[in-house]
Amino acid sequence: MNLIWIFPIAFCDAAEPWQLGFQDPATPMMQGIIDLHNDIFFFLIVILIFVLWMLVRALWHFHYKRNPIPERIVHGTTIEIIWTIFPSIILMFIAIPSFALLYSMDEVVDPAITIKAIGHQWYWTYEYSDYNSSDEQSLTFDSYMIPEDDLELGQLRLLEVDNRVVVPAKTHLRMIITSADVLHSWAVPSLGVKCDAVPGRLNQTSIFIKREGVYYGQCSELCGTNHGFMPIVVEAVSLDDYVSWVSNKLD
């Protein structure tokens, strides 16, 4: 039996109260986003310290009591060159890794599984188009949020659903995302995924989950009254457990 179902709170990646940082990365893409954030944060700290130092130095050395007669400066070629070149260099160091990460998000891979997510007001429909039942119908199900009164021990309020998206870990997945009514957004922070669901349009994104677990997300596009009540739950399991789950769903 799958231990994730026995101890649902032990293996989960979900938002926590007063959380300021990122959730633990479960995909190479999310790991890249966190690494890029840390690199940019380093530059921000250096710039902040430098600006504060210049500000304090100016307030100290150029106080009106120390310089009752201010010096008139109308042009400074050297300082203009410095404050043009240095920011350009910093922006270059930030842009190179960010562009590399951006292009890697659009990298096309040969997926083992394709899943279509359709946003509705206010639930999700999932279609596993690679599998057909005996009547030639693809594996399709709706995913609704579990009301607070129906939650079991260990389940998370406003985040748990009646039907999870079950996928195999360490497998290339392709998500095709669209909407049946208004704009939605399929977002799971631990997976580094946020893809808009647009009516009449198919958006796609690739996912490679490195470890087994349960990953929680929510619709991230204002879509009406119950926008905050259409969570997303992705459960990554072993390949054997995934095959068993698909077989049970098709029976």
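Heads up, the Cβ atoms here are built off N, Cα and C, so glycines get one too.
Keep in mind that this is a model prediction, so the values were computed, not measured.
As recorded in Swiss-Prot, the features of this protein are as follows:
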TOPO_DOM  1-39  topological domain 'Mitochondrial intermembrane'
TRANSMEM  40-60  transmembrane segment
TOPO_DOM  61-75  topological domain 'Mitochondrial matrix'
TRANSMEM  76-104  transmembrane segment
TOPO_DOM  105-251  topological domain 'Mitochondrial intermembrane'
BINDING   His184, Cys219, Cys223, Met230  Cu cation A1 binding site
BINDING   Cys219, Glu221, Cys223, His227  Cu cation A2 binding site
BINDING   Glu221  Mg(2+) binding site
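Features as recorded by Swiss-Prot, highlighted on the structure.
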| residue | record | CB count, 10 Å |
| --- | --- | --- |
| His184 | Cu cation A1 binding site | 30 |
| Cys219 | Cu cation A1 binding site | 25 |
| Glu221 | Cu cation A2 binding site | 17 |
| Cys223 | Cu cation A1 binding site | 21 |
| His227 | Cu cation A2 binding site | 17 |
| Met230 | Cu cation A1 binding site | 23 |
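In this structure, the CA atom of His184 (Cu cation A1 binding site) is 5 Å away from the CA atom of Glu221 (Cu cation A2 binding site). The DSSP secondary structure for His184 (Cu cation A1 binding site) is strand. Separating the Cα atoms of His227 (Cu cation A2 binding site) and Cys219 (Cu cation A1 binding site) is a whole-number distance of 7 Å. For the topological domain 'Mitochondrial matrix' (61-75), the predicted model reports an average pLDDT of 71.
For the topological domain 'Mitochondrial intermembrane' (105-251), residue counts in helix, strand and coil come to 22 helix, 69 strand, 56 coil, using DSSP.
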